Amino acid sequence: MEKIDLLSLTLKEIEEILTNMGEKKFRGKQIFQWVNKGVKTFDEMTNLSKNLRDQLAERTYITNIKIEKKLISSIDGTIKYLFLLEDCNIIEGVVMKYHHGLTACISTQVGCAMGCTFCASTLDGLVRNLRAGEMIDQILTMQEDTGERISNIVLMGSGEPLHNYDETINFLKIINDENGLNIGNRHITLSTSGLVPQIKTLADLKIPINLAISLHAPNDELRQQTMPVAKKYAIDELIDSCRYYIEKTGRRITFEYALIKGVNDRDKDARELGDLLKGMLCHVNLIPVNNVDERGYKKPSIESIHQFQNTLKKAGIETTVRREMGADINAACGQLRRKHLQN
């Protein structure tokens, strides 16, 4: 019998397992609370009988990832982690320190299949999906290591969250549970390259998380140069799915736009982007591209970035420039894992 990862299960799923074992339903709640506190052995569950702990050990297990490497930025205190999974795969996570608390950036897949040319995470393709428990354990491990509570989550590490849809939705349910990490939906941001059917399915669930769309171009021709997913879903389809999401959830959408020197940073690109997004409940986050040596991409000048931002603002689009975090430790997505794998 294949053992079940308890950390990947919702409270309801654990309760069902316990009642099927002939135990009282409340035992499921106790176990859910234990695993989401970060315990890694059944012996630590001191309010359970030894007989029940032994039965759990026979049928289930608790995901346990390890810190393989850790770098701390001397500039802003950002912490970059390489996590070692139980099958010896490597993923990344980042903790960023803000005045409102700690934000964790976590991975949802080992590698990525999306092929975006400005991202180092996708250079070696997709290895496998992460289980919900492996996503949660990134947060638990970060909390244990820092000694502080993680108050905000961004699903912006390696992988496309909506390409691992079922596990990502389970993860959202588990971390939002008041008996677990109890992180509010409005403190969670999911970033997607734009998988249109999944955006609509997510909208129908009406989970009021923050949705961020990796747009990076104002038209299909330009977007297809950097994002293979754009060949499957036209930009008009993507924008329609975003409008549907806003209609269903009432939540503002963030459009992420990686500014690449000489590729998508021209004034005409800014004007076209303003026209595309006009009238939407949205916000544009400009991201000066991180240098990816394999692609030869460079970030634009400060003047070009501000000019692009001002053009969007004149079009009535709320626009910010993302603050660079952990620049001295290669905290950008995919950079550290790739360097580790090459050594």
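Using the three backbone atoms N, Cα and C, a Cβ is placed for every residue, glycine included.
Listed features, source Swiss-Prot:
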{"type": "ACT_SITE", "residues": "E92", "note": "active site, proton acceptor"}
{"type": "DOMAIN", "residues": "98-328", "note": "domain 'Radical SAM core'"}
{"type": "DISULFID", "residues": "C105-C333", "note": "disulfide bond"}
{"type": "BINDING", "residues": "C112, C116, C119", "note": "[4Fe-4S] cluster binding site"}
{"type": "BINDING", "residues": "G159, E160, S191, S214, L215, H216, N290", "note": "S-adenosyl-L-methionine binding site"}
{"type": "ACT_SITE", "residues": "C333", "note": "active site, S-methylcysteine intermediate"}
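Sequence features annotated in Swiss-Prot and their locations in the structure.
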{"residue": "C116", "record": "[4Fe-4S] cluster binding site", "contacts (Cβ under 8 Å, 6+ apart)": "T122, S193, S214, H216, T226, M227, P228, V229"}
{"residue": "G159", "record": "S-adenosyl-L-methionine binding site", "contacts (Cβ under 8 Å, 6+ apart)": "S107, T108, Q109, V110, G111, C112, S121, L126, N129, L130"}
{"residue": "E160", "record": "S-adenosyl-L-methionine binding site", "contacts (Cβ under 8 Å, 6+ apart)": "T108, Q109, C112, A113, M114, T192, S193, L195"}
{"residue": "L215", "record": "S-adenosyl-L-methionine binding site", "contacts (Cβ under 8 Å, 6+ apart)": "G194, R223, L238, F255, E256, Y257, L273"}
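DSSP assigns S214 (S-adenosyl-L-methionine binding site) to a strand segment in the three-state reduction. In this structure the alpha carbons, written CA, of S191 (S-adenosyl-L-methionine binding site) and E92 (active site, proton acceptor) are 16 Å apart. Cα separation, C119 ([4Fe-4S] cluster binding site) to N290 (S-adenosyl-L-methionine binding site), rounded: 8 Å. Mean pLDDT, taken over the domain 'Radical SAM core' (98-328), works out to 94 on the 0 to 100 scale.
Note on the binding-site residues S191, S214, N290: the fewest other CB atoms within 10 A surround the CB of N290. There are 26 other CB atoms within 10 A of the CB of C112 ([4Fe-4S] cluster binding site), with all protein chains counted.
For the pair E92 (active site, proton acceptor) and N290 (S-adenosyl-L-methionine binding site), the C-alpha distance works out to 16 angstrom. Across the fold, the C-alpha of C105 (disulfide bond) and the C-alpha of N290 (S-adenosyl-L-methionine binding site) stand 16 Å from each other. Take G159, E160, S191, S214, L215, H216, N290, the residues named in the record as contacts for S-adenosyl-L-methionine: the widest Cα to Cα gap among them comes to 19 Å.
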